[in-house]
Amino acid sequence: MKTAEASISSSSSTTTTSPERHGESSPKSAFGRLCRKLSPRKAHTDKPSLSDAPEHGQLHRVFRYFDKNGDGKISPAELESCVRTVGGQLSPEEAEAAVRESDMDGDGLLGLEEFQKLMETSGEEDEKNDLREAFGMYEMEGSGCITPTSLKRMLSRLGESTTIDDCKAMIRMFDLNGDGVLSFDEFASMMR
């Protein structure tokens, strides 16, 4: 018998029905893909600065590429171009809103550190959406949590033969509050 984490991880990474996985791109999904490719993973303790990140050189090269006029800042128009490059579309209003959210000095443009902040924020949001989609595959009873029955049902669909007692044991391994089910937060902790 596989562990719950291995079974759940393998199914969430191979089964998806979101439109962006089938060639359609939404602005957020295209930008999220860019962010996942470029954003450094954060350590469990302190958030690394851009200069400490191993991907610093790569992110800096991407930043320079999208800084079309070479002024050391990315404008909303340059951000739109960035998203278009990865196959998405971003309206001028969406680009301005994205810049506004990460613009720490209020100049309406993104410096390198602000660009990193935008990449991390968008990547985290996209990751959370992916986790919600995976959670929804297991949470079949409309209860907002993964129960032993819903886990057994999903594992059966994946070709795993398990008993309810096996599923209860798997859930117990990750059930932080001891209520016998996995909430989304417990599921997300398990998947990280």
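For all residues, glycine too, the Cβ spot is worked out from N, Cα and C.
What TrEMBL annotates here:
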COMPBIAS  7-18  compositional bias 'Low complexity'
COMPBIAS  43-56  compositional bias 'Basic and acidic residues'
DOMAIN    54-89  domain 'EF-hand'
DOMAIN    90-125  domain 'EF-hand'
DOMAIN    126-161  domain 'EF-hand'
DOMAIN    162-192  domain 'EF-hand'
REGION    1-56  region 'Disordered'
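In terms of DSSP helix, strand and coil, the domain 'EF-hand' (126-161) has 23 helix, 1 strand, 12 coil. Per-class residue totals from DSSP over the domain 'EF-hand' (162-192), listed helix then strand then coil: 19 helix, 1 strand, 11 coil. Each residue in the domain 'EF-hand' (54-89) gets a DSSP state, and the totals come to 21 helix, 1 strand, 14 coil.
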